[in-house]
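Q: Below are the structure tokens for one structure; questions will follow.
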Amino acid sequence: MQQGTLMRKVKSKSWKKQRYFKLQEDCMTIWYQSKRTGKTESAFSISDVETVREGHQSEVLQSLAEEFPAERCFTIVFYGRRGNLDLIAGSAEEAQCWIQGLRQLVESHSTRKRSPLTFPSPFCLSTPRSFSLASVLGLLTWIRDWFQKADKNKDGRMNFKEVQRLLKMMNVDMNEDHAMRLFQAADKSESGTLEGEEFVLFYKALTQREEVLSLFQDFSEDGKKLTLLELVDFLQQEQLEGEGTEELAMELIDKYEPSETAKARHVLSADGFLMYLCSPEGSIFNPRHRALWQDMSQPLCHYFISSSHNTYLIEDQIRGQSSIEGYIRALKRGCRCLEVDCWDGPNGEPLVYHGHTFTSKIPFREVVSTLGKYAFQQGSFAKRTPGSGHFTQRKGCPCRGSILPCRGAEAPGPGTPGPCAGPPPSPTPQELKHKILLKGKKIGRLEDTLDGPADEAPELSDEDNGAEAEEEKRRAKVGDAERVSALQKDRESLAQALSDCVIYCKSVSFQGFQEARTHSRPSEISSFSEAKARKLIRESGNEFVRHNAWQLSRIYPSGMRTDSSNYNPQEMWNAGCQIVALNFQTAGTEMDLNDGLFSQNGRCGYVLKPPFMRHEGTPFNPSDPSTWESYGPATLTIQVISGQQLPKVANSKDEAVIDPLVRVEIHGVPADQAHQETKYIENNGFNPRWDETLQFQLRVPELALVRFVVEDYDKTSRNDFVGQFTLPFANIKPGYRHIHLLSKDGTNIPPSSLFVHIRITE
């Protein structure tokens with residue numbers, strides 16, 4: 001890899017250009033140049049790479065399978081919305097060299113990101129000899145990266161002008177006199193430049209965490225260490241840890257104290273204290289809730305289920321690209337309900353695309369093959385939870401048996417209710433582990449299908465309620481003869497093999513709550529446009545909640561959202577709707593809420609609904625505050641203390657420095673919707689200090705999501721997004737906590753974080 005390799009960069013079946021790829025000396029940057037012109041085209045960092053896929057694992061490489069063997073092909077997958085890089089090596093050996101090398105570099109970088117030392121501190125820098133080799137390498141790499149960025153003339157030293165440039169790059173607008181004092185204090189050789197250990201000293205002074213040191217000294221009698229009892233006092237009084245605090249204190253010392261001498265004495269140094277606060281145990285997100293902690297043995301209708309709309313699209317709804325990448329990205333994000341629209345294709349092979357539009361098409365076979373590879377890969381817990389697919393089918397389904405053998409959910413066995421003995425029971429995620437459910441139309445008995453062949457109402461805006469009501473009346477007048485005719489047409493176009501796969505999620509048209517109570521079954525599911533769902537919530541909120549306590553509901557975006565924008569999922573979750581389908585390809589608040597809700601419970605894509613939403617006689621109505629009295633209101637108090645190494649706004653200039661502010665948003669029932677924000681700190685994105693307190697009253701905290709947003713203040717235009725983090729109120733850990741920020745695409749942006757103090761009172 002160090003010598004460089006000539007490979008083919010592929011964009012399509014006809015676009016294959018030879019490029020010379022080389023790993024730079026920093027082992028972090030890869031550039032490539034044209035073989036013909038020798039001009040460097042582009043470069044990317046290892047930190048941008050999410051994973052490396054081996055073989056024909058993209059549409060482009062699959063289309064070239066007959067020309068180039070899988071052993072020579074691989075795909076570099078980047079974080080966020082950046083397109084993948086498909087490459088063909090000259091030999092299988094060269095391909096393996098790059099695949100294994102890149103994977104090792106990516107894993108090494110990921111390990112450094114997970115290390116507490118990703119948040120460098122003056123305490124940690126003072127005792128490097130006490131660290132593990134991996135920690136030292138991680139820290140040195142971090143510091144070296146900044147050094148190399150600022151060392152413009154590449155002489156291995158930094159003069160004061162280069163230091164000033166570094167400060168701008170790090171989002172710091174520091175007074176020149178103060179910067180000079182730090183520079184001179186670190187310049188032990190008095191050479192007028194910083195090199196090696198001198199730069200480490202400068203970095204140490206720059207990253208001083210006075211607010212953490214002050215907190216440490218509040219509980220330390222001598223100001224140098226926390227004894228075991230002092231640490232226990234801190235954990236009980238501030239972190240509100242329950243039973244077993246002394247055992248927890250011992251674990252934290254053993255895990256985060258870098259000094260072996262201090263460990264032996266059962267004390268925690270300032271180094272270890274900061275490392276604890278920056279660790280998962282010091283995160284605002286309850287670490288116990290990161291794992292699979294909820295009961296998974298309840299009916300499917302008792303869970304919110306992470307769901308996507310038109311999963312195959314990675315762009316807009318009219319002319320956008322259809323790609324198996326849409327399925328891979330959604331599944332890796334924890335999605336458990338995918339959408340597959342099947343249409344007639346040449347030679348009897350069905351295609352997947354958005355019907356009656358100009359979107360590109362992908363073979364159904366490739367989609368199913370992709371699902372077979374990735375459906376149960378996301379995390380150790382998602383591997384065990386069922387997936388579901390919303391199928392719209394226009395032709396036969398010849399691929400299922402050969403590509404997904406033994407993965408579909410099976411009909412109830414002997415002795416259990418079945419098609420001839422009543423409806424199948426509503427299954428649980430526990431019972432359906434490793435299974436794939438299909439949602440779709442079903443060929444069945446006449447009485448099973450008299451509710452009509454269609455399950456999705458026409459797309460209507462909120463202003464179309466009158467037309468919508470007329471449409472419902474018209475449908476209600478359709479005679480049985482017409483329904484039988486529709487049934488016969490369905491029989492002609494619907495493949496029996498696919499119909500047989502639909503066991504627990506038979507699509508039925510919603511004809512009203514009374515009709516559903518009388519004739520519907522737990523194994524059936526109805527779909528609602530966002531406008532229809534809002535109307536039901538507004539006019540019959542309690543009935544909708546009760547309906548969702550025993551039957552699945554799927555909500556999908558308006559057909560007017562041709563740009564793949566999203567509706568607010570929170571209002572649908574407030575009514576207990578389980579399958580709230582969003583356009584996963586579109587970043588924004590809506591996907592932040594979705595990612596936040598499903599970041600718990602092992603990221604398995606299933607979240608148990610609150611108890612008051614799981615029984616059919618519930619009085620709860622999201623639109624009626626008088627029904628909320630018994631649900632335990634809470635007061636959330638947040639002291640926003642400081643920020644650390646906040647990222648710059650995308651595409652900003654090197655000399656630009658942000659003016660950060662923090663906004664805290666509450667998303668929940670209408671009465672709980674609120675937001676407050678801090679003042680902005682002028683010209684400091686490196687270590688801004690706010691020390692402001694925000695307070696919120698929550699009527700139904702079980703449904704609330706809390707979103708922390710950092711923005712760059714602009715007095716003349718809209719503020720720019722910097723980073724965010726969203727989590728359910730129920731997963732918040734009180735006390736002094738760090739919030740590790742995410743990008744607009746939901747990826748980590750280390751070492752950016754907020755430091756806060758949380759209090760919850762009932």
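Every residue gets a Cβ built from N, Cα and C, even glycine.
TrEMBL labels come from automatic prediction, so no person has curated them.
Below are the features listed in TrEMBL for this protein:
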- 414-428: compositional bias 'Pro residues' (COMPBIAS)
- 449-470: compositional bias 'Acidic residues' (COMPBIAS)
- 471-483: compositional bias 'Basic and acidic residues' (COMPBIAS)
- 1-107: domain 'PH' (DOMAIN)
- 138-173: domain 'EF-hand' (DOMAIN)
- 174-209: domain 'EF-hand' (DOMAIN)
- 498-614: domain 'PI-PLC Y-box' (DOMAIN)
- 614-743: domain 'C2' (DOMAIN)
- 410-431: region 'Disordered' (REGION)
- 444-483: region 'Disordered' (REGION)
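Any idea what these are sitting next to in the structure?
A: The average pLDDT computed over the domain 'EF-hand' (138-173) stands at 71.
For the domain 'PI-PLC Y-box' (498-614), DSSP puts the residue distribution at 48 helix, 21 strand, 48 coil.
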Q: Could you count the residues of the domain 'EF-hand' (174-209) that DSSP puts in helix, in strand and in coil?
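A: Reading the DSSP string over the domain 'EF-hand' (174-209) gives 21 helix, 1 strand, 14 coil.
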Q: By DSSP assignment, list the helix, strand and coil residue numbers for the domain 'PH' (1-107), in that order.
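A: Once the DSSP states are binned, the domain 'PH' (1-107) shows 27 helix, 42 strand, 38 coil.
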